[in-house]
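Colleague: One structure is given below, represented as structure tokens, and several questions about it will come after.
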Amino acid sequence: MLSIISNSFLLQPFGCGHGGSPCKNPTTIERGVFYVSIYLIALGNGGYQTTIPTFGADQFDGKDSKEAHSKVAFFSYFDLALNLGSLFSITILAYFEDEGKWTLGFWMSSGSALIALLLFPSGIPWYRHFAPSGNPLSRFSQVVVASLKKWRCESPSHHTQLFEVDGKESAISGCRKIVHTPDFKFLDKAAIMTENNFTKDRPFHDPWLLCTVTQVEEVKCILRLLPIWLCTIIYYVVFTQMASLFVEQAAAMKTDISGFHIPPASMSTFDILSATAFIIFYRKLFIPCLHRVRKNPTGLTELQRMGLGLITAIVAMISAGFIELIRLRYVKEVDKPSSLSILLQIPQYVLIGASEVFMYIAQLEFFNAQAPDGLKSFGNALCMTSMSLGNYFSSFLVGIVMGITRKDHKAGWIAENLNQGHMDKFYFLLAALTAIDFVIYVICAKGYRSISYETRDEDQEEIEMQMLV
């Protein structure tokens, strides 16, 4: 839609472009079609980015040692694929944008989506398919409602007296039973059996009155994930600067190197190259070395890597702040860019790329591993939502900083002319906020309780056989 309408009224609006006549404002219908187009793109991204990581991870059996290793590696290569796509965008598509060839860029984006659509179904005969396990929102609501209805009931002395179905599988289709945990005891009331739960007229339990232990533990797992999730939002406030203030900073620097013009937006190439290099380094060098030294086949834990991602983001913001301080010193005329080379931005882009490998990939692995069987896509949705909220909070923070620092007719930290501002102070502010967030994250990570499933008979036999070997 965006490709078609770009020529009709976006780039060549009716009634202007001849003899300097002013362009007319787009009509309500034209504006509506435009917004429908871009929101469809957002809808598509929200649909596939939350499900493809889950679907890809489902293709590997976590019980098999080789496939379990491939499952962890999948998230790294998934991020690598995203970076390769971004590399195409910031080089080829950015060139078309600079040349004003928007329609061609839109058509190329449409073509890439079409190729993906054709490639994905081609693997259907070889995919491992899993039956849906029901609506997680209704299960979540059932636990809350049932626990509120029984808020006066006295909790049993032992968790074995709480309700759970018989058999190896839980009442949730295709999901394993989750071991009971003592956290959030109020929710356990949803699994308390009363005389009204089972009667002659009601031989089966009503899920809005009585929930299984596994269903209650699903809710507990999500509640335990929320503090970790909240701590990741500030990281994406830092990450989004790469596509906003970093570009503004680059535009105010010397962009011509030996007669070659470097588009400010294309500096993100160093972020992609850095992320690619760190993925290969971590998968091919770091993990094998760690395995030899500590006999650890998986490397650092997801929580450890996410912490490293926050630390690297802090260093990236400090680096950007110092570069901005140096850039301001090389400003000779207020209305002209600094004579400092744009290439001095490379360290901050490299650090952002490294932090992405630690944070984003570990975040995907963490939410996939810690989300219950029936909520894997929801776990990945949390990851995507933290990105979106990070972007919103970044805009909110920029607005607050501009409002406060522009009082009394001052240029402010983030001025229209960066040579009159102090964007370095904003970078240092982000570094300080991320440092505070890191401290809170460490506290939350230390107190985090991992999900634990009940061991089935065949699993126990396999463990005993491995111990004998």
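Here the Cβ of each residue, glycine as well, is placed from N, Cα and C on the backbone.
Any TrEMBL annotation is an automated prediction that lacks curation.
On a predicted model such as this, the values are computed, not experimentally measured, just so you know.
Positions annotated as transmembrane segment by TrEMBL: 72-96, 102-120, 225-247, 267-286, 307-326, 346-368, 389-406, 426-444.
Locate each feature and note its surroundings.
Modeller: Long-range Cβ contacts of the transmembrane segment (72-96) within its own chain (Cβ-Cβ under 8 Å, at least 6 residues beyond either end) map to 52-53, 56-57, 59-60, 102, 104-105, 108-109, 112, 263, 265-266, 268-269, 272, 275-276, 279, 282-283, 298, 356-357, 360-361, 364-365, 368.
Non-local neighbours of the transmembrane segment (267-286) in the same chain are 73, 76-77, 79-80, 83-84, 86-87, 90-91, 242-243, 246-247, 250, 299, 342, 345-346, 349-354, 356-358, 361; each lies 6+ residues outside the stretch with a CB under 8 Å from one of its CB atoms.
Listed by sequence, the residues of this chain that lie at least six past the ends of the transmembrane segment (307-326) yet keep a Cβ under 8 A from its Cβ atoms are 231, 235, 238-239, 241, 246, 249, 300, 340, 344-345, 347-348, 351-352, 354-360, 362, 423-425, 427-428, 430-431, 434-435, 437-438, 441-442, 445.
Listed by sequence, the residues of this chain that lie at least six past the ends of the transmembrane segment (346-368) yet keep a Cβ under 8 A from its Cβ atoms are 53-54, 57, 72, 75-76, 78-79, 225, 228-229, 232, 235, 238-239, 242, 246, 267-268, 270-279, 282, 302-303, 305-306, 308-310, 312-313, 315-317, 319-320, 323, 376, 379-380, 382-383, 386.
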Colleague: Counting Cβ pairs closer than 8 Å, which of 102-120, 225-247, 426-444 has the most of them with the transmembrane segment (389-406)?
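Modeller: Counting Cβ pairs under 8 Å, the winner is 225-247.
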Colleague: Grab the same-chain neighbours of the transmembrane segment (225-247) for me: Cβ-Cβ under 8 Å, and only residues 6 or more beyond its ends, written as numbers and ranges.
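Modeller: 264-265, 267-268, 271, 303, 306, 309-310, 313, 316-317, 320, 345, 348-349, 352, 355-356, 359, 363, 366-367, 370-371, 379, 382-383, 385-387, 389-391, 393-394, 397, 414, 423, 426-427, 430, 433-434, 437, 440-441, 444-445, 448.
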